[in-house]
């Protein structure tokens, strides 16, 4: 049976190179990832702070003090998980509105509105005295994340030259990991503030990345694709020349124009993405974010301090352990930035999946041996360090595979006429399952115990097999020519009509990756 690997020849080498202008604009745009990352990191740290729990969730404090409570169930509170998960539900809904704004008015307004909403939400969280105001603030943060996650990956993919599209797009994931690490460091510092108000500082400092994105969006240029999509041909060509650093952009502009004309014939992108010719994009934009969340990574990221504390690490040790795993996350993302355009997307997906699977099995087994089914037991220093090591190896695998590629691949595979719809599906599915995992994780840990890690390991195995058979390689392929890749694939080729392929010769290697 044929695997997912195909060879596509005849990709066009457009004029121009990597300019300082495009590097700077992509770095500024990628700061949108700081919003998502800071929140992922800050939530778990704050929800492990006794002063925060005593103020908003006193029932959790009583449960923690109970001598008869299983280690697995210390933090099992639906209201506590609602604090974390409400953001992702708001982001899900917001992503659909962001799709309309991104398509009709450009990528910039979506980034600006996302930053502004996140700013207001962070202020409300910092001054909140009631659970209602706290949740309202979280919902506004979610709107900001929804708009940012919808617009930034598309912006980066459209601005970047084909040969380094993967690396520049991964600036978004890099910003997410930096946001997580900074949040973990902030939590370590604010947890030491006397008086029990450190959590307010942690939540309010989310305003910093929000201001950076809001101000940055005001000065960013829009992408040539977006300008052309709104009917301004001459302005689009001038912007393309500026982005590529050369006036010889006729060939690339011709392809952009052809893609734009095709897009204008599509009045309803949401109904059109359901058509058979867009089946590969629909499936990938839905399954990749679904699988990304079922790796279990957000269990580690926004519940790391809670998880480590549950396993007996202690207050300071749990926060410091989260900082260590956050640091590994940043460094491993650098690996993906420097390798994704050299080795491709598939090899990183496959290697990362195998590595995560092994780590999940080992962590589950070690916790099972130490705590059993009744949740009674303790960790020695050696045990704790071994679990932390395995978590770091797991995080590194995610950081150079499913983390950045989960945002990169959906943003680069959709033709212009369905790009905003495809990215909205990607964000909505991602946020929906982030919400589900955030809402049920502590309850799942209480009931499934160490088997929870086997649960995620099973999904990692499934998604790795899926990538092997169904995702073709997309490195060095211009976005406007991406249909050539699907036409060359052993499974997806039947969905792609010949007239949908722009430029280039296709060679389908039926046995590449065969088993």
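In case you wondered, yes, glycine gets a Cβ from its N, Cα and C as well.
Keep in mind the model is a prediction, meaning the values are calculated, not measured.
Sequence annotations record features per position, and here TrEMBL assigns domain 'Major facilitator superfamily (MFS) profile' to 25-475. For 20-38, 82-101, 113-133, 168-186, 198-220, 282-306, 318-340, 347-367, 387-409, 421-445, 451-471, the entry in TrEMBL reads transmembrane segment.
Listed by sequence, the residues of this chain that lie at least six past the ends of the transmembrane segment (198-220) yet keep a Cβ under 8 A from its Cβ atoms are 25, 28-29, 31-32, 34-35, 38-39, 42, 45-46, 49, 51-52, 55, 108, 111-112, 114-116, 118-119, 121-123, 125-128, 137, 141, 144, 148, 155, 179, 183, 186-187, 189-192. For the transmembrane segment (347-367), the residues of the chain that approach it from at least six positions outside its boundaries are 295-296, 311, 336, 339-340, 383, 386-387, 390-391, 393-394, 396-398, 400-402, 405, 449-454, 456-457, 460-461, 463-464, 467-468, 471, judged by C-beta separation under 8 angstroms.
Listed by sequence, the residues of this chain that lie at least six past the ends of the transmembrane segment (168-186) yet keep a Cβ under 8 A from its Cβ atoms are 22-23, 26-27, 29-42, 45, 152-153, 156-157, 159-160, 201-202, 205, 209, 301, 304, 319, 322-323, 326-327, 329-330, 333-334, 336-337, 340, 399, 403-404, 407-408, 411-412. The stretches the transmembrane segment (318-340) and the transmembrane segment (113-133) do not meet in space: the count of Cβ pairs below 8 angstroms, excluding pairs fewer than 6 apart in sequence, stays at fewer than three.
Sequence-distant neighbours of the transmembrane segment (451-471) (same chain, 6+ residues past either end, Cβ-Cβ under 8 Å): 1, 3-4, 283-284, 287, 291, 294-296, 299, 345-346, 349-350, 353-354, 356-357, 360-361, 363-364, 367-368, 402, 409, 441, 444-445, 491-492, 513. Below 8 angstroms of C-beta separation, residues 39, 43-44, 47, 56-57, 109-110, 113-114, 117, 131, 134-135, 138-147, 149-151, 302-303, 420-421, 423-424, 427-428, 431-432, 434-436, 438-439 of the same chain, each at least six residues beyond the ends of the transmembrane segment (82-101), sit close to that stretch.
Only residues 6 or more beyond the boundaries of the transmembrane segment (113-133), in the same chain, are considered here, and those with a CB under 8 A from a CB of the stretch are 32, 35, 56, 79, 83, 94, 98, 101, 139-148, 151, 200-201, 203-207, 209-217.
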